[in-house]
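In Swiss-Prot this protein carries:
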- Glu36, Glu61, Asp111: S-adenosyl-L-methionine binding site (BINDING)
- Asp111: active site (ACT_SITE)
- Lys115, Asp147, Thr177, Arg178, Phe179, Glu180: substrate binding site (BINDING)
Amino acid sequence: MFMDSRETLCENPVIITDRDAWKEINLKDAGTIEVEIGFGSGEYLLRRASEYPERLFIGIEKKPGMITEVSKRVASHNLNNIRLLESCAKDAFADLFPANSISRVYSLFPDPWPKRKHLHYRLFSSEYLRLLNNRLIFGSEALIVTDSEDYCNWMLKQLPDTGFEVENSIIPPQFDTRFERKWLEQNFNTFFRILLKKARHIET
């Protein structure tokens, strides 16, 4: 589940590299837990953590370079309520989080994997949404924003029988992340927002 650790990562207390380090996070006593899937350069994660210092924020990312970069920014902002996890998101939710433990999940501009042969790599399949439902507290939300209309429509088709109520809309830029700025530079200024609210618990 955990990616191969590197010495520089192991020495950084912000970064979770193994199960022993994960166990040091007492999820039952952590209070409100928010999880960002694929935090990239970490802009949104750091803003949320700064706005809500009483909450625990866990960022999941597969790219070690991003994790190292963001961990330095966490330190420079003196934020002690962020932990970074180098992992595949699907494995992290399956293996590390118990049922009814997460208050909010967000994923801004996940990879849409547009080629048909790569569709199985997409996050938020019906199976994954059922797992996500199980890990979220009743009434809590998952926010997904994408630049791909095709990916948005695909996700909406995955939603039946996942226990979520859904709101979907087209929104202007508002997150000021690296990917959002990238699209703005290319004159792409509308994005697709899916807000999922847990309305029924799903056993997995």
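Count begins at 1; order follows the chain as displayed.
Cβ coordinates are placed from backbone N, Cα and C, and glycine is handled just like the others.
Of all the binding-site residues listed here (Glu61, Asp111), it is Asp111 whose C-beta has the fewest other C-beta atoms within 10 angstroms.
Within the set of binding-site residues (Glu36, Asp147, Glu180), the lowest number of other Cβ atoms found within 10 Å of a Cβ is recorded at Asp147. Residues Ile37, Gly38, Phe39, Gly40, Gly59, Ile60, Lys62, Ala89, Ser107, Pro110 surround the recorded S-adenosyl-L-methionine site, their Cβ atoms falling within 8 Å of the Cβ centroid of Glu36, Glu61, Asp111, which are themselves excluded. When the alpha carbons of Arg178 (substrate binding site) and Glu61 (S-adenosyl-L-methionine binding site) are compared, the span between them is 15 angstrom. Cβ neighbour count within 10 Å across all protein chains ranks Arg178 highest among the binding-site residues Lys115, Arg178. Among the residues the record lists as binding substrate, namely Lys115, Asp147, Thr177, Arg178, Phe179, Glu180, the two farthest apart have Cα atoms separated by 25 Å. Here S-adenosyl-L-methionine is bound by Glu36, Glu61, Asp111 per the record. The longest Cα to Cα distance in that group is 14 Å.
Rounded to a whole value, the Cα-Cα separation of Glu61 (S-adenosyl-L-methionine binding site) and Phe179 (substrate binding site) is 15 Å. Here Asp111 (S-adenosyl-L-methionine binding site) is positioned 13 angstrom away from Glu180 (substrate binding site), judged by their C-alpha atoms. When secondary structure is read from DSSP and collapsed to three states, Glu61 (S-adenosyl-L-methionine binding site) falls in the strand class. If you take the C-beta of Thr177 (substrate binding site) and look for same-chain residues 6 or more apart in sequence within under 8 angstroms, you find Gly40, Ser41, Glu43, Tyr44, Leu108, Phe109.
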